[in-house]
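To start, the structure under review is shown below, and the notes come after it.
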Amino acid sequence: MKKFLIAFLILVASFLRFYRLASVPPSPSLDEVSIGWNAYSILETGRDEYGYRLPVLLRAYDDWRPAGYVYLAIPFIKIFGLAATAVRLPAVILSAVALIAVYFLVKELFANDRHGDQLSVISSLLLAISPWHVYLSRLGHEVNAGLTFSILVVLFLLKFFRQRRSIWLFLAAVFFALSFYTYQSQKIFGPLIIISLGLIFRKELLTEKKKVILAGLVGLVLLMPIVKASFSPQAMIRFRATSIFGTSDTILRAYFSHFNPAWLFFNSGREDHKVPGMGVLYLWELPLILIGVYQLIRVKLPRQSKLLILSWVLIAPLPAGIATGAPHAMRTFNLLPMPQILAALGAVTLMTKLKISRKAIFVLGAFLFFNLAYLYHNYFVNFPREQSDSFQYPLGQAINYALTQEGDYQKIVFSNQQHGYQSYMFFLFFSRYDPSLYQKQGGTISGGFNETHQIGKYEFRPINWPEEEKSGEILYVGNLIDFPPEAESPQTFKLLDGQPVVKAVKGGS
């Protein structure tokens, strides 16, 4: 049974993460085009769009985000070229690493439990089919690297506490430092989970002081560039823009919103980073999680494992709790894989207490197949159609059209409002614009909201039709509301649900 489950896990995880990776999500996202083109620019010139050499923080859109994922994408762009698949592959591969790491993490947590192997396989399987993990692991985004590195840090530390081998401690120090170069949330989650581990395993640490100090020094050296950059005035602007530091009740409401069953297990309609029609967790996982929590509290399991799981669950929502937009599936992604581990604990408890017949196994198999089919339909069919506007799908079509028509016009103007938001970066990505040429032209001056940009004959700015130059040598590409109904449009661009939202208009019309 164990071998069958492992084979099934590998098959399902591979399918859900690699199938139609280039086309689902339906278009490179705002973040993906920025990560992709800046990785391409660093590959070709050693500098990003602003001309910063080998940046530690990526200024993109004045966001000042850790640049670690950009460097992870570089070898894939070198091999596959500048495309959505190349940007997404590092995240997919890291998500697969996370599944393997969870398997061994659970084996460490329940090393002396006779059901340890079952818990390991089921935990990884539940993570493999998690709608939360599937959705975010297919995005070319640094959040996947952050989660995987966090899991590896805890895994390596648990191995060190048990085996006392220095290699595990130094690997933990390296991945702890690297996690700071991935997603912003790691700067809060990482230190707090390390402090928790230090308190839980203080006896083990005190007996290995010299090794701990040396590993700590390695980590500090690796952290110095990102810590220095993170406290720069520019980076602090981003922190202040997304922070809700103020009244304690606001922070508490934001924090506890991530434990709201309505958010965890349901979808109220159009929610960011969620598969349509689904919560971040399956509803059927709820009773298993509750049983798992009961087992964790009442049953004689290793005390240190209990405290670690509890600490992880309580710490994970903190980064999202002190930021705007709570509940936030991306900022609290570090909560994984704890719900799956608790659900696995509940599932194993049921299997050991109930007599499972062949008929029951068949029913469970059919139920699992139904849920996979439901996930498949909602993600691969409904998601592209319902959320193509979130990925600015028509903008990519419009840019490709403009590139085929540019010889007929002296100037092409793209709106940078609504469906054309940050259109300059989408243009750089889809046109595979030469980074050397772009930097000679001045590069990006400002990446702030709705800033005007010019790249050769292309302008990216708001379109105010009554005041625009009406020349047949100018092509305007903007939102439907940017133009009067009678304006001559050689091409209209639609969302995947068929709704037209962007069109090209000749200036002389």
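Glycine too: its Cβ is placed from the backbone N, Cα and C atoms.
Keep in mind that TrEMBL annotations are predicted by a computer and have not been checked by a curator.
The stretch that TrEMBL tags with transmembrane segment, taken from the ranges 188-205, 332-349, is 188-205. Among residues of the same chain six or more beyond the transmembrane segment (361-380), those with a C-beta under 8 A of the stretch's C-beta atoms are 12, 16, 19-20, 24, 129, 131, 134-135, 275-278, 282, 284. Remote same-chain residues near the transmembrane segment (143-161) are listed as 68-69, 72, 90-91, 94-95, 97-98, 101-102, 104-105, 108-109, 136-137, 168-169, 171-172, 175-176, 178-179, 182-183, 185-186, 189-190, 193-194, 197, 201, 204, 208, 308, 312, 330, 333-334, 336-337 (criterion: CB distance under 8 Å, separation of at least six residues from the stretch ends). Here the domain 'Glycosyltransferase RgtA/B/C/D-like' (67-226) has a mean pLDDT of 96 out of 100. Counting Cβ pairs under 8 Å that are 6 or more residues apart, the transmembrane segment (166-182) and the transmembrane segment (212-231) reach 3 or more and are in contact. In this chain, the transmembrane segment (118-137) lies apart from the transmembrane segment (212-231): fewer than three C-beta pairs between them fall below 8 angstroms, excluding pairs fewer than 6 positions apart.
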